[in-house]
Structures are given as structure tokens and as C-alpha cells.
Amino acid sequence: MDVLSFTELSPVLDLEAEYVGMTSVNLTWVVNNTASSSYTYRIEVESGTSVRNLTSNVTEVEITDLIPGTMYRFTVFAVADDGRTEGEGSSISLYTEPSPVLDLQAEYVGMTSVNLTWVVNNTASSSYTYRIEVESGTSVRNLTSNVTKVEITDLIPGTMYRFTVFAIVADGQMEGEGSSINLYTSKEVLSLSFNMNARQSLLKEKRTEMSVSLCVRVLPVKLLFHQLGCSRLCRDPAIVVFAFTEPSPVLDLKAEYVGVTSVTLTWVVNNTASSSYTYRIEVVNGTSIRNLTSSVTKSEITELIPGMMYNFTVFSVAADGQTEGEGMDVLSFTEPSPVLDLQAEYIGVTSVNLTWVVNNTASSSYTYRIEVESGTSVRNLTSNVTKIEITELIPGTMYRFTVFAVADDGRTEGEGSSISLYTEPSSVLDLQAEYVGMTSVNLTWVVNNTASSSYTYRIEVESGTSVRNLTSNVTEVEITDLIPGTMYRFTVFAVADDGRTEGEGSSISLYTSKSRLLARLFLVVCILLCSTGFCLSAQGTDDTYNYTCRLEIQSHGSSSRNQTSSVTRAVNTDINPGAFCIFIVFVEVSDSGILKFYKHLYAELTNRQLFLFTIILDFLLLFFYFISVPALVNSFQCEPVAKQSSLMLKWECPSGNNSGFKIKIFNDTWEKEERTPSCMREGSEEVFRTASLDYFNTYTVTIATLSNSSESPPVQKICNTSITDPPAPSKAPLVKAVSHSSLSVEFSDFESVNGPLKAYAVMITTEEQGCASLKSKLNNTYKDFKKTKTVTYVTYVIKTEQAKPPSFHSQNGTNIVNVGKGNTMYGYENGPLIPLRSYRASVAGFTNITFTVANIIVGEDSYVSFSPCSEAVLLPQDPGVIAGAVIGCLLAILAVVAIGGFIFWRRRRNTSISLLSKMIKVENFESYFKKQQADSNCGFAEEYEELKSAGVHQPKFAAELAENRGKNRYNNVLPYDISRVKLSDQSSATDDYINANYMPGYNSKKAFIAAQGPLPNTIEDFWRMIWEKNIYSIVMLTKCVEQARTKCEQYWPDKQSKSYGDIIVTMVSEAVLPEWTVRDFTVEKSNTPESHSVRQFHFTSWPDHGVPETTDLLINFRHLVHEYSSQNPIDSPTLVHCSAGVGRTGTFIAIDRLIQQVEMENTVDVYGVVYDLRMHRPLMVQTEDQYVFLNQCVMDIIRSQKDKKTDLIYQNMTAMAIYENFTPGPGFGKANGYHA
């Protein structure tokens, strides 16, 4: 016969009264044993002979309906789940709080004594004593009384006293709440006369040594006179009670002065008694509260934080220092502190870039007003950041820029910080030489902007390494003391009125006249019959007209000779008449004299009727025209400037002379022309940066070389300006709780004026103060958040051009992201959120996004802006926790019923059905092993025979469907319906089938998936299962071909990526060792950015239907797999397969469970583990040899523990073998090895 019984429960601990009141007591206690979750509690309440009982399901209780000031004994008993079995009680004794005394009054008030009486009307009052507290000013003394009255003596006449009476229970310690009365001791009054309509009356007082008169105020409520008789002098002392009416509220409360760290408040009080008022000022900032006092209607409040919002409340306080009127409040921001380090980061012709620093607590909420002042013109700009680009300025003009920090109310401004500077003057235009002499040059130019009247000009004169500077107040200058025939470069800079700020220089290069022979060379070849002589003369003596003529004369039959003249005349003589001769004329002349020379030569030849010469000269004049046109620029390039709206132009300095370059920038709606200075060295690189344009826009840019008044044909390029950070949206995302672990984030598309949006990232934070410095937190992940390394992280990244995953929805510019769904996007996990936590969200928009090799965003290299932070959203409690308590109770009841029923059933069954479990303690396993091993493993053979019927009657309907039969490798290995793995439906109902079952591990019912080796037609299903079931580890226990038979298809790629349906698999690495191979893959689904890694552990030393050579080989391999799998997500099962997925697969899963059972429970149940596996998939541990091998593995593990050969040795040596190309020697680990 069996009997069920609960053991006695342990007593409750730490029983204490958390609260003691007059009629109630709150008790709490602790229970710390295993079964305490099922306990209830009986509370015995005892007072005298009265006893009552209460119950509680939790470790606390509120006991009500008690008598004030009474002694109670409370005893708590823990009660077992049967409702009867109780533990030993724990007790506590205490008094309830006495009730306050009632009807406290002065029965007699004298000059030096007072008689007080009171009433106490509850049951326990007969045992009370009383403490009387006598208070006057700062003086306090205490008296005691055993009855409900007391005479208090030694008082001072005419003095205000406060008497407070406390009831004390019999223990002399527990006091009730005090009752108080305020009154004055009396004086000897001679007479009193008063006028009810007057505000004051005269009180006359007689003393022995003198007579005085005092003015006293008539109380507005009423006057009470005690013990008065008709028509007789009042001599009995009276009781006078003083009470202040509530002061009226202050009026017209305002902040008279608002400073950076202080605020001055003023107010008005207009009633008669206000002269005696003091004032309490309550200063509130967020959760911080402090109080100040003032005796006047004005208060300066200091030590405030700049730029913060404060709520100031002023209360009028009557003369008693206690009675307060209703408070009046005013909200005010303190003045933000001034910005620091204001400076111009860039000064251009029409724009200036300012930067500044603000370093106080509230600066993250500041905006900034920038006042731009020039003369009488003032305009204002705003900025949300500590920098700004100010455009549309006038070149060369004095501006005063003042930056004011603005608090979060948009009105309160700090003191401005100013900087004054001139914009860069615009370049001078149309620079040319009006006159070029041998030692002087006259230059003129044009400046056409508003401020040019105040410009001065610096002229830089450069020749070789010699440089000097001149100045001019007008747009022309004569430059003297030059060297004749010398090349000079003249650069003119416009200088603003401050004498320091210069514009970009405009340059012209030219030679001074005479003396220097120019490189320009013209060859005139004339073939004619020589006459008696030929003379070429020059008329005039102008410097720019002089030339040198050198003749080389070659005549038939005579040798050539040269004749050179450096004067204005060249004559040839001694030429035989009629001789055929050739004149070769070299003309070297200054640049500005070429045209004049040709005109003179043309006239000379025409007069002599040498028409052949004139024809050649016409050709040369035309040639001169073309060579006078400036050369085209070479290698013209146009590049955007990163994150700037300007363009960078580059070209090579062309050959020949130039006076600068004209650059034209335009598009369909806009056009601008720029001038740049000349260049001197042919082939040198010239660089020019344009003024600010529009971001992400296309412009046509042309450049032409200038030389005096002519220009080359333009060279044209099509250029695009850079993109930059998108404009930050003003609207925060809308966040809603979806479940206890997820929420939705709804936001609108960012504006694309600064470039097309490439991606969005959703950031989650638990920070109460909102979002700050988000750019530096773009590399924070969900794992960092779970490890409490950060409170802000990126949970979701989506590129705009990619296909949208299920957790992202977008329509009409509105996007919704589901946060907490557990999927992975790039390097970020969208992990589940924690219930009962508050979360905020911000959205980052990218016009350019850069990732590390681990797919983590590089914030510094990305172009990004952030939305404001959303309001905080509190997630609800996990309904499973709520339901768990209810279900737990029901399950406990069912378990009791089931256990009772099972015991009853076990006793009544007469058939010999095999046991489900054979649990053996570790210390007894060796003797058990030897017993079962005897007679050629006879005992193990009997156990294995008992296991054959386990689970075989379970249905396998899905596997037997005609559509699924071709997906099974063996007809006798079909998965049970109850535990089979179901894939998501594709196009038909049978698409969810794969030959695989969930298998229980030590800690989870779905720790493993046991599967057959894939067939050619099931490889796609195999990878689909890996993706859908979130598998990170694969254990393969067969070779693809064994004994010339295909046991498993090779389902993985060798080198390049391979697609299996919509799953793309890429091999990352492969480590081949003698007994096993480890391969790493990356698995991703097409049209989504989600991916995860998969590691395959391929054991190659296990024959089909057999066992490995030694136990330690498989134990080492199991340790390797377990170490990696333990790092995977908790919901990620390990996929194990061989060929059929039962023999070697079952043995491996069983070894894993048995090792953990030995380590955690110090027990072994090989039979029970195999039985459990066979209830989930048929034929698990397929042969008797495999069953014996399991027991041998357990035996060797226990022996190795005794020899202190821990698992750590296996793990470390195996890891070295894989990652350091170190292979364990043949003798490693075989000391206790089992050889099959």
C-alpha cells in the first residue's frame, strides 16, 4: 500500500511589521526553500483571549479591524499545497498605535500656569499614559501624566505657548499622533475699550511700577470674551486664542531680470497685513526642487543652470511663519550662456562660415540666432548646430556677426558674442596694359561692386625671383623702374577698407619694350630676280615700332653671305643684276610692334611692285592672326568637393602668353561668370574653387584663356556637385507598442534636396533625456545593449533601393518598421525588447552610407542626419508571466492528480511492459557497467531488445503521403507527425514536409533537429529549413559516399556562392583535419539584406552502422560542437544528420545529453535517454553496438573525471587543431579509449 505525504514546511523568516497604524498592521516575511512557490500562509491574530485567522497567497498581508493602542501577537504558518500540512509558526508581538486625544482645551489659563484637559474614548485608553510637549519659540520641554488632565506651571505671563498631547501605550514606547492647542498666558487687565468699526482698539494694562498703553489689532473674524459680568469690572483672566487667516496670493508675479545663472522676481501684495508677510519661493527644475525665503516683494534667485526652464512659485507666509497663501507661479528660462570661441572658419567673396562652442548642460537643446549687420542693414538667420554658412553677402564689405544662444522656448536669448570682419573683395576685372614702355607700364582695371569705392589696391610686380609691391587708391597705376625687354607678371589685389582683407588676385604677364629679342619669329622667304639693289627701311623711331632685320642672301653661282642691321634700315648690295637669289628675312621685334612692322613692310613691297612679296605677306598676316589667339587650356577637369556645394576645377597652364582665364558656370535656370589670374609656367597645374552652388545638381562649366582683348575657344565640361547630409526632419517618429517585446516606428521620408536617400537606420534608446550625439552611436548593436554597454543602439537598417523585408512597410512616403522581431539586417540584430521598459526612437537618414567588413555603419564616413527623438513608450508586461502563475497552479493540481493516477495505474498493471528509465548514480555505474558487459554484453543486449518497441505505434501520415514519398531516403525511416519539422508553405500543402524531427536535449525539448542526409530533390528544402529554423550549427556524421554507395548528397558549395532556391550559400573557410572537417558558411536570402553564419562540423571517421575507433574521438568532437553551439541564440537548434538520420545521429545526440547529465546531476540514464529519443524519431541509436558504445563512452567519461582529465583538455586541444593547424598525436586521449 502506498501513501502520499507532504514533509513539514520550514518556518517563515524575517517576519516584521512594515507598517503599524491605529487599526491596521502590514506584515512581511521571507521563505527561501525550493517549494515555496506553492505555499499559502495562515496568519493567527491573538489579543488576550481573542484569536482569529487570516490567509495569504503571498509573503505579505495587511491586517485590519484592530483596536488602537492594543497589544497583539501575530503568528505566521507556511501551509503546503495540500492545504493541511503546516510548518512551525513564526511570531511577532506589538502594540497598535494609540488614537489621538480629543477635545483638547485649556480649562484654566493663568499668568504662569495653564490647566489642560482632554478626552480618550477607545477600549485600551485605561492603560495609556500621556506626554505633554510645551513649546515656546525655540524652548521645548516635556511633561507626563497618567490621567486625562495636567497642570502646567512655571510659565511666563503674556507668552504664546503651543501645547501638544501624545497618548502612549502600555509599553511606554508606541506614541499616537499628537493633538495641539496654541494660547497665550494671561496678564492683569484693567480695562478694555474698543470700536467694532475701527481696525484697532486700546488695551490698558496696569502694573505696579508703571502704566502702559498698547495698540492691538482687532481680528477680522470675531472677538471672544469669557467670564464677563453685567456692569462690573472684569478681573478674571480670559482665554485668548490667536489664529492667522490665510494670506492673499501675490499679484503681478514676473521675472524682472533674467540672467545666465540668476533670475530676479518681483510681485505685489495689496492687503493691509502684507507688511508682516514673508515669502517662500519654490524653485523647480525637472525633479529638482529647492525653497528660498524673502521678507520683501522681490527676490534674486542664484545658482541656476544657464538656458534651463524653471518654475518659480511664490507663497505669502503670515507672521506666524506657517500659514501660507495660495501660490502664484511663473515659468521662465534662464538666459543661455554666451557662445564661446566664435570665429570665421572660411571667408569668401559672398559668404562666410562661422563656428562656435557652447559647453553647458542645456546646450543640446539650444538653437542659435545669427544677426548679420552691415551699416544700417540688419538680417537674422537661425541654426540648430554650432556652425553656419552665411551667404548673399556683398564683397569687400564690413560685417558684424553676432551669435545669440536661444533656449528651448525659442524666445529667451543669451548675451550675444560678436565678430567683425570684411568679406573678401571680388577680383578686379578687365586688367590690361594701357601703355608698355621700356621701363614703365600703365595698368588699368575695373571693379564693379558696391563696396569698391572704399577699396585700395595692392599691385604685385614679379620678375623671376624678384617681387615688389605697390599700392593704389584708384583703378589704375603707373609702374616704373622696370628693366627693358623683361618679362613681368603684374597681379592686382583689391584690398578692403581694413587694409588687411584681400580678394583673389587678377594677373597679366608681358614684356617691356625694346632691347629684348622676342621669341616670336617670322620667316619670310622670297624668291625673285634680284635687281640692282633692294632696300628695306623703317620710318619713325617709336619704341614699339623698331625692329632688327637680318638678311641671308643666296644667289645662283655665288656663295651665301649674311648682312645684319640693327638700325631702322636693311640694305642689300653687291648683287649681280638679273641674278636669281633668295632673300631669307628674319624679323625680331617687340610684341606690340609686330602689326606696325607688317604694315610698313607691306607698303614698302607694294611701292616696289614686288607683288609676290605682298601675297606672301597677306598669308603671314593671316597666320599672325591665328597665332595671336590664346592657346586652349589642357587637361581640364571638374570635381565635386566632398560635402560642399562648390566645384574644384583643375587645368594645365597653356603655352604662350595669357592674362588669365574666364570661367562660366550655368544650368537651365542660372548662370555665373568668374575670372582667374594668369599663369606663367607652361604645364603647371592651376586650381580654382567655385563659390557655393546647389548640392546634388548638374552644371555646365566652360573655361577660356584670355590674352589682352582676345580669348581662346572655350573648353566645356558637365559637372555634378557633391551630396551632403540630408536635412534633418523636424517631426519625431511615431512609436507604438505592438507587444510586450516589440514596437512599431512610423516615420516619413527625409527630403532629398541634398542628395537621394540611400538608407534609413532606426535607433532605439532607453535614455530619459532623449537623443544626443547619435552619430557616435551608429556602431552600437543589440548585443552591446543586452550587455549594458550602451543604452542607445541601431536595431534596423534598410537601403531604399533593395526589396523590403516583412518587418518593413512603406507607402506614399510613410514608412513603418517593426522593432523587436528578431531578424538581422546587415550587422544589426533586431532583437526583442524588454517588457515594462520605456523606449524612444530616432531615425537616421543617409545620402551616403559606409559599412565595415562586419556590416557595421562607419558614422564618420557616412552622410547622415537624425530625426528628433520620439516620446517615450512603455511596453506592457509579458502575458506569459501573468498566465504562467495561473497555469502553474493548474499544472500543479494536474500533476498531483496525474502522479496519483500513475501510481494507481502502475500498481494495477500486470503486463510486463519495459521501464521508461533506469537511473544510476555515477558512483554505482562502474559496477553496473561490468554486470551488463558480462557474457558478451548480454545485459546491454537485453536492454536494447526492450527499446525496440518504443514509439513505433505513433502516426507518420505526412511521410506516407504519395507527394512526400520521393523525399524519403529510406522507406523504413519516416518521421513521426508529433515531432516532425514543418517548413513554411510555398505553393502546396505538402511543401512543408522534410524528413526531420525535433529532438530533446538536456535543457530544451527542441535542442536538436535529427534529419536524413539530403537527396538531390531535397537540398533546397534542407537549406530552407536551416534559414527558417535559425540554425547556426550543422553536425554531419557521414561521408557523401561510403562503400561505393551515395549516403548523402553534397549540399554545400565548394568555392563560389551557390543558390538553393532563394537561399544563397557562400563558403567562407574550410579546415580539414584527419578525423573531421570544419566549414564556415554565410547564408542569406535573396532580396533581403538579412544573413547569418552557419558552421558545419563534418565527422569523417564513423562507419555506417558502426562506431568510431575510440570513445575519446567522439567525445572530443562533441566538446568541439558543444562549445560553439552554446554561443548560438537560445532558440537555435543544432542540426544533426548522417545518412538515415537515426543511428549515428541518435548516438551523437545521446552522448551530448549523457555528458551533461553526468556533469549536472551526478547520475546516468542511458536507457532513458535512448527511450526518449525513440519517442521522437524511429530507430534512434540504430544498432546494439552503438548502444554498447554509448555506455562505454559514459564509463570512460566517469573514469577520466576520477583521473582529473577534464573536458577542458579536449576542448583546448581540439581548438588548437582547427585554428593553429595543430593535430593531436595518435596517442592523445586513448588511455581509457574503447576500441570497437
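Glycine is no exception: its Cβ is also placed from the backbone N, Cα and C atoms.
Keep in mind that TrEMBL annotations are predicted by a computer and have not been checked by a curator.
Taken from TrEMBL as is:
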type     : residues  : note
DOMAIN   : 11-100    : domain 'Fibronectin type-III'
DOMAIN   : 101-189   : domain 'Fibronectin type-III'
DOMAIN   : 249-337   : domain 'Fibronectin type-III'
DOMAIN   : 338-426   : domain 'Fibronectin type-III'
DOMAIN   : 427-516   : domain 'Fibronectin type-III'
TRANSMEM : 517-539   : transmembrane segment
TRANSMEM : 610-633   : transmembrane segment
DOMAIN   : 632-727   : domain 'Fibronectin type-III'
TRANSMEM : 881-905   : transmembrane segment
DOMAIN   : 940-1197  : domain 'Tyrosine-protein phosphatase'
DOMAIN   : 1115-1188 : domain 'Tyrosine specific protein phosphatases'
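Summarised as a single figure, the pLDDT of the domain 'Fibronectin type-III' (249-337) averages 89. Taken through DSSP, the domain 'Fibronectin type-III' (632-727) splits into 0 helix, 49 strand, 47 coil. Assigned with DSSP, the residues of the domain 'Fibronectin type-III' (338-426) fall into helix, strand and coil as follows: 5 helix, 49 strand, 35 coil. Mapped onto DSSP classes, the domain 'Fibronectin type-III' (249-337) shows 5 helix, 49 strand, 35 coil. Across the range of the domain 'Fibronectin type-III' (427-516), the DSSP-based residue counts are 5 helix, 49 strand, 36 coil.
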